[in-house]
Each structure stands twice: as C-alpha cells, then as structure tokens.
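Let me begin by presenting the structure, written as structure tokens, before commenting on it.
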Amino acid sequence: MVAVAVLAAGKGTRMKSDLPKVLHQLGGYSLVERVLQSCRPLAPERQILIVGYQAAAVESSLAGRSDVEFVEQREQLGTGHAIQQLLPCLQDYQGDLLVLNGDAPLLRSETLENLLATHQRHGNAATLLTAHLPDPKGYGRVFCNGDNRVTQIVEDRDCNAAQRQNHRVNGGIYCFHWPRLAAALPKLSANNDQKEYYLTEVVDYLDQVMAVDVDDYLEINGINDRKQLAAANDILQNRIKDDWMAQGITLINPDSITIDDTVVLEADVIIEPNTHLRGKTVIGRGSRIGPGSLIEDSIVGSDASVLFSVVSQSQIGDGCRLGPYSHVRGEADIQANCRIGNFVEVKKSVIGAQSNVAHLSYLGDAMLGQRVNVGAGTITANYDGVSKHATVIGSGTKTGANSVFVAPVQVGEGVTVAAGSVINRDVPAGSLAIARPRQRIIDNWQVPPAPQSGQP
C-alpha cells in the first residue's frame, strides 16, 4: 500500500515568470503532470499535491484529475514543513508514502518501482533515491555505510569542505513508512542557515534508512530556471527519439526534430529535418513528414506526405500529398489520395477522396465531394461578419481559377465553374456556371502621355 505526496508549493523565482514553476510545460505536459504520470504504474492509493504559491492555478490545472487531492502549505518553510501538512489528512494511514518533487519531471516509472520494492523488501523506515553526480554542486550529500545504510544527509549550503568532496547526492525522492515518519515529523527544527525545516533531518530520528542509486543520474534533475527547463527538454527528446529509432522509425537529422511522447508513429515512417510532432498525433505506416512541418493533435494516414506544412486538429487520409506551404486546421478532414498544394488553407472542411486543391486557395466550412478539382485562387467566402456559413461542392466538379463561392451556397455534381466567377446562388448538377462581367475591348486605345517634368 503506497500513497504519493508531490511537493508543488514553491514559486520558482529563478524562472522569472508569473506562472508557478510546476505549471511550466515540458513536451506537452506541465512539470507536475509529468511527475504524476511517473507514479501511475504504482497504482497509489492516494495522490496528494502540496500546493502554496498560486495554489488555485495549480489546482485548476488538474481539475480533471479526480484522483488527486490538494493540501495547502500557506508558508513555504521547507520540505519538512511541507510534509508536516499531511499529518491531519493521513492520521489513520498505515502504509508507505512516496515523496516526489513537482519540478523533477524526468523520473522513470521503473526507477520508482525499484525504490518502492527495495523499501518494502527491507522493511525500511525510509529509503532515499541517490545519484553519483559529476558535479554535485547544489545537491545535499548522502553519507552511507557499506550496506547503503544512511548515516547522515547534509544540505549543500551546510556542507564543509570535506563533505563537499562526496559526490553521492540526495535526489529529493523518498519512500517512507508513514507511521514512523509521522512520529518523527514533530521533532524537526529550523536550526540551519535557511531557518527551514528540512525533511532530510528525519534521518536522525529513524532507524533503517537506506539509499538506492538511480541508474541514470539525469532522472533526478530538478528545474529551477529556463536553462534547466531547456536541458530537460533535450533529455526528454533524446529518450523519445532513441525509442522510436529503435522501433524502426527513420529520423533524418534527429537533433532538428521534436516529438511529444504522446505521438504514435507506425512502421516505416520517415521524419525529415525541422519537423515537430505534438499532442495526440498519429502518423500512419510508410508516411513521410517534412522537412519543415508541424503536425499537432492530428491523424495522418498511411503512405502520405507532408512537406513544409502545418496541420492541426485535423485528419489526413491515406496517400494524401500536402504542401509545400499548406495549412490544414480546425477539424478538417482530407480524405484519401487528395492533393493539398502550395499556399492552400483548409479550415473545418471535408475534402472528398481524390480531390485536388493545388494552389493559392482558401476552403473554410466547406464540404467537397470526390474528384473535385479546385482551380488556383479559389476562395470560399464563409463569413458574413457575424456567422460562418457552409459551401457544398458536389463530386466531379471543377472550379476555374480565381473563383469565389459566397456562402451559404450549394454546387451540384459534375459542375464546371468558369474562371473568375463569383458564385452566390446554388448551381444545379451537370451545368456550367459563369458569373463575371463580359469582357469589353476598346479598339485603338492609347495610354495618355505622362506629363512632362515641371507640369502639374
């Protein structure tokens, strides 16, 4: 039986932001969301977030999580003081408590599982996650005997010169037997440089305290400023991209590519340089994305290509060709084997299979049938200044260059729309629609001569 407490009360002054530190984003999730995700495989009985600075904003960010409780630390007087706030709500709890930092989002679930298993196997009062750092500056040092039993923990700011030579550091991740921890918490003092209550002091009041080393010391990295946030993003991205390449995905110039860990890539996908895949995006088998493309919360079918284009909240069918420089957004549905060409924007529209929108067009709130050919410069005028209106174009229709459809309007199947037409009435199937002024020619026309210099 395990409960989880996440320390999320700090302001994060070094972030230089009005946003609480734990709400800064890393790969599509806030830092604190990533911490909560890491402990999900443990199936904790309770998850408690200890909040303080902008508590309402932090709670609001997790409003959809009914499994998360909140406890407020009104004054931020240290990690020990934060855990003391749990005494009332856990007074009858008899299990283990896992303590995590809300600004340490790189922990792997496997690391926490190993920490908990070691703690329970040895019947420890406390088990600490430790790491051997090349540069331990800023971290508390952990001193152990030969059996990994902890004898002392000293915060970095309180270390003397000899203690600073120890590179085994406290990762700030703990597993406690709660009843024994609860008995020790009232004994904490603020007898240190910061006048804070350190959770590490409980080691002095507990027996059987053990340290467990993390395999990859980068997992314990905390985030205190923008530089560390950028470094964490690099670490996360390298993990994600290494995993995908191991599964048979081709990444050309991986350093220029970013992929959220919510993205799904099917076999034989190729990702070209300077491409970014975000949110709940799925890329189908054999598709080629990029270079220079952004796809967010969208589904791309098999054997499709997206070149120098932006796709958001939309669906792209099998065999489609997008780009260069197309923009598909707002729940658009591009069905199989369509071509969406250069400088084309499609918004909240359905484009039927085998249709072509090759260049310089805007289709908004439109529904196109199959095999529609949209001429260059075709526009759906869908907004009347108050409301959006639909344009319906039937299968097999061809629109001439520089056509405008003033919605709401319906065009039947097999229609030909003459170039330069402004269509503001419904057009029956199988017809030719011409809606433009007649061409006028004036014979023997000469451009008037330009005025000479000095004349008005």
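Cβ atoms here come from the backbone N, Cα and C positions, even for glycine.
The DSSP secondary structure for His359 (active site, proton acceptor) is strand. Marked as active site, proton acceptor by Swiss-Prot on the basis of sequence analysis: His359.
Here Swiss-Prot flags 7-10, Lys21, Gln73, 78-79, Gly140, Glu155, Asn170, Asn224, Arg329, Lys347, Tyr362, Asn373 as UDP-N-acetyl-alpha-D-glucosamine binding site. Cβ environment of Ala9 (UDP-N-acetyl-alpha-D-glucosamine binding site): Ile50, Val51, Gly52, Tyr53, Ala55, Glu72, Gln73, Gln76, Ala82 lie under 8 Å away, each six or more residues apart in the same chain.
Counting every protein chain shown, 16 other Cβ atoms lie within 10 Å of the Cβ of Asn224 (Mg(2+) binding site). What Swiss-Prot records for Asp103, Asn224 is Mg(2+) binding site, and it gives sequence analysis as the kind of evidence.
Here Ala376 (acetyl-CoA binding site) comes close to Ala358, His359, Leu360, Ser361, Ala401, Asn402: these same-chain residues lie at least six apart in sequence, with C-beta atoms under 8 angstroms from its C-beta. As annotated by Swiss-Prot, acetyl-CoA binding site applies to Ala376, Asn382, Tyr383, Ala419, Arg436.
The annotation region 'Pyrophosphorylase' is assigned in Swiss-Prot to 1-226 on the grounds of sequence analysis.
Residue counts for the region 'Linker' (227-247) under DSSP (helix as H, G, I; strand as E, B; rest coil) come to 20 helix, 0 strand, 1 coil. According to Swiss-Prot, the region 'Linker' annotation covers 227-247.
The region 'N-acetyltransferase' feature in Swiss-Prot is assigned to 248-456.
Nearest neighbour of Asp103 (Mg(2+) binding site) by Cα distance, taken over the binding-site residues Lys21, Gly78, Tyr362, Tyr383, Arg436: Lys21. Of all Cβ atoms in the protein chains displayed, 25 besides its own lie within 10 Å of the Cβ of Asn170 (UDP-N-acetyl-alpha-D-glucosamine binding site).
Closest to Asn224 (Mg(2+) binding site) in space, going by CA atoms and restricting to the binding-site residues Leu7, Ala419, Arg436, is Leu7.
Same-chain residues lying 6 or more positions outside the region 'Linker' (227-247) and placing a CB less than 8 Å from one of its CB atoms are 15, 24, 26-27, 105-106, 218, 221, 254, 257-261, 265.
Across all of the region 'Pyrophosphorylase' (1-226), the predicted model scores a mean pLDDT of 94.
Arg436 (acetyl-CoA binding site) counts 13 other C-beta atoms within 10 Å of its own C-beta, drawing on all protein chains shown. The binding-site residues shown are Leu7, Gly78, Tyr362; of these, the one with its CA atom nearest the CA of Tyr383 (acetyl-CoA binding site) is Tyr362.
Straight-line distance linking the Cα atoms of Tyr362 (UDP-N-acetyl-alpha-D-glucosamine binding site) and Asn382 (acetyl-CoA binding site), rounded to a whole number, equals 10 Å.
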